[in-house]
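A quick write-up on the structure given underneath.
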Amino acid sequence: MSEAITGAERYKSGVIPYKKMGYWEPDYVPKDTDIIAMFRITPQAGVEPEEAAAAVAGESSTATWTVVWTDRLTACELYRAKAFRTDPVPNTGEGTKTEQQYFAYIAYDLDLFEPGSIANLTASIIGNVFGFKAVKALRLEDMRIPVAYLKTFQGPATGIIVERERLDKFGRPLLGATTKPKLGLSGRNYGRVVYEGLKGGLDFMKDDENINSQPFMHWRDRFLYCMEAVNKASAATGEVKGHYLNVTAGTMEEMYERAEFAKSLGSVIIMIDLVIGYTAIQSMAKWARKNDMILHLHRAGNSTYSRQKNHGMNFRVICKWMRMAGVDHIHAGTVVGKLEGDPLMIKGFYDTLRDRHTPVSLEHGLFFEQDWASLNKVMPVASGGIHAGQMHQLLDYLGEDVILQFGGGTIGHPQGIQAGAVANRVALEAMIMARNEGRDYVKEGPQILEEAAKWCTPLKLALDTWKDITFNYESTDTADFVPSETASV
C-alpha cells in the first residue's frame, strides 16, 4: 500500500522522503500507454529499496530535493513517475561477492515526453538521476515502449527487406570487412584495400569509427577512391557492392555535405558513429530515408556505459532507441569474437533488432513484451575477432539476417586481401549449401569447411592460420536468471 502523504500536509515546506511524496505506488497498474523503465538499483547503506526506487522515479520526472508549491499548478498526480515494484536481483547480497541489488520498475505517463525525440526521452530517463546520491549505482536494464509512442518515430530508413532487394542478395548473411589499418593509409592505398575485398567476394567494405578527415587522407579523397573501387568490383563480379562511407564530422552541416557527396558518387550506404549523439543520428536517419540510402551505425563509445553490470545502461536499450531513431545497421556482438558478448545476452540484442514482436525472455534479458508495430527491422552487424573457421557457429548463433564482418579475418590472410575475401565467401557458401541440404551444419561444421578447403587454397590457409585462435574470457554482462559462460571456439 502507498505511504504517500496527501492533502495540505503534502505541500508544506520542507523535505519529505520520495516514498511519501507519491513516487512509490505499489498498487499502481501501468496503462498500455505508459513507458516503463526497469532499473538495476544498488541503494546506499540504510536506504530502503522502495525509497531508492521512488527517488529514481522522482528525479527522472517531476521532483526536486524539497517540496515546491508550484506542484499544485500541475496535474502532478498524473505527471509523477510511479515506482510500483522492486525485486531482489538474483545472486546479489548476503552470501555473494556482490552488494544487494534490486530491479525497480517505474512507469511514466506518455505526456511527459516529446513525440519522436530520443533526446527528450533520454533527458528524463538517463538524465540527472545517474548521479543521484540516494543510489550507489544505477543501471537502466530495459524499457517497454508503448505503440502510441513508437508510432511517433520513423524507424529504420531502409529495413532488412528493402536492403536485400536493393542488393539482390537473399538466403544468406551478408559479408563485409573493415579496412585495416584503420588510420594512416593514403586515399589510393585505402581504395585498393576496398577493391581487393569486394573483388574477392565480400558484399561490403567499411570505414572504421575513427576515420573521418585527417591530414593523411581527406574525406573527399577517401570517398572518390572507395567508390572507384566499388564500381570496378561491381563490374568485375556482376554483383551490387557497397562501402560504408563514414560521414561523421564535427557539425551537422559537414555531415550533410559528406552524405550528399556520397550520394552523388552513387553510394548505396553511408555510416555514422554512435558518439555523434541521438539528435544527429535521427537527423541523418531522416536524410537517409529521404535519399534512399542505407544507414550504418557503428556503436563507438557504447561500452563506456554498457559494459559494467551494476551501473550505466544495457545495450539492449540502445538497440531499442536506435531502432526507433532509424538506423539500418548496428554492431550488436558476435558471441565468438574478441569483444564482450554473452550468448544469451546477444540473442536478446538480435531479437530486439529483428523481431516484429518480442516476448518476455528473462534468460535473454528481455523483461518486457514489446510490440514493434510497423517499424522496420534493423540488420545486426557481427564484427571483431571472427574468422572463416567459425562460420558454422556464426550461422547457428546469429541466423542469416546479419552482416558478418571479417576485418582482420580478411585483410590478415597470408595470401592477401582478395584471398581472405575468397576464403570467407567460400566458407559461407559451403555452410549455406550444407544447411539447405538438410545437413547438421553445426555438428559437421569443421568437416564441411575442410571439404570446401580441399578445392579452395585461400580457405585452407585461413583455417590453418586461425584454427587455434580463441577469445574465451568471462563476460561481464551475463544473464541474471540463467548461469552462462562465454562461448569458446
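Any Cβ shown, glycine's included, is placed from N, Cα and C.
Arg299 is the only one of Arg220, Arg222, Arg299, Arg356 that Swiss-Prot places in the substrate site (with Asn128, Thr178, Lys182, His331, Ser383). Inclusion criterion for the recorded positions Lys206, Asp208, His298: a C-alpha placed within 10 angstroms of the C-alpha of His331 (substrate binding site); this criterion is met by His298. Arg299 (substrate binding site) sits 11 Å from Asp208 (Mg(2+) binding site), counting Cα to Cα. Considering other CB atoms within 10 Å as the measure, the emptiest surroundings among the binding-site residues Asn128, Thr178, Ser383 are those of Asn128.
Taking Cα separation as the measure, Lys182 (substrate binding site) is nearest to Asp208 of the recorded positions Lys206, Asp208, Glu209, His298.
Taking the C-alpha atom of Asn128 (substrate binding site) as reference, the shortest distance to any of the recorded positions Lys180, Glu209, His298 belongs to His298.
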